[in-house]
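Heads up, the thing below is written out as structure tokens.
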Amino acid sequence: MSKGCQTQGPLSELEKAIDVIIDVFHQYSRREGDKDTLTRKELKLLIEKQLANYLKHVKNQVSIDQIFKDLDNNKDQQLSFGEVMLLIIRVTVATHEHLHFCEDHQQQHQHQHQHQHNH
């Protein structure tokens, strides 16, 4: 960030997370072609290196191609920050739902154990 663009106070947790998302996008967007968009190759690398745990099923080029096609709203064969954010949003929502599912399943499991032990 340039001096004129710095924030006034310390960043909140959410603001830090936003900065990390922007920084990670730029780590990959600056590798080839336009410095502020992702090519198919840059998207593949970003998914492999930064979303490996959350997108375990995305292993092959066909999956990458489909994700790229789904995100490339203006069909210009590159992904803007806004287009990549659609992927981040989808992964975040899916992760949130998965965590709740795991939490609910764990509580049900514990609840069943309590009933079994109280007999």
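The backbone N, Cα and C atoms fix where each Cβ goes, glycine too.
According to Swiss-Prot, the domain 'EF-hand 1' annotation covers 23-58. Long-range contacts of the domain 'EF-hand 1' (23-58) within the same chain: residues 64-65, 67-68, 71, 77-81, 84, 91, 94-95, each at least 6 residues beyond the stretch ends and with a Cβ under 8 Å from a Cβ of the stretch.
Marked as Ca(2+) 1 binding site by Swiss-Prot on the basis of a curator's inference: T37, E42. Around E42 (Ca(2+) 1 binding site), taking its Cβ as the centre, 22 other Cβ atoms fall within 10 Å, counting all chains.
Away from its own ends, the domain 'EF-hand 2' (59-94) comes close to residues 21-22, 25, 29, 33-34, 36-40, 43-44, 46-47, 51 of its chain (Cβ-Cβ under 8 Å, at least six residues beyond either end). Per Swiss-Prot, domain 'EF-hand 2' is recorded for 59-94.
Residues or ranges marked as Ca(2+) 2 binding site in Swiss-Prot: D72, N74, D76, Q78, E83. Counting every protein chain shown, 11 other Cβ atoms lie within 10 Å of the Cβ of D76 (Ca(2+) 2 binding site).
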CB within-chain contacts under 8 A for Q78 (Ca(2+) 2 binding site), separation at least 6: G33, D34, T37, L38, T39, D72
E42 (Ca(2+) 1 binding site) versus D76 (Ca(2+) 2 binding site) - Cα distance in angstrom: 15
Cα separation, E83 (Ca(2+) 2 binding site) to E42 (Ca(2+) 1 binding site) (Å, whole number): 14
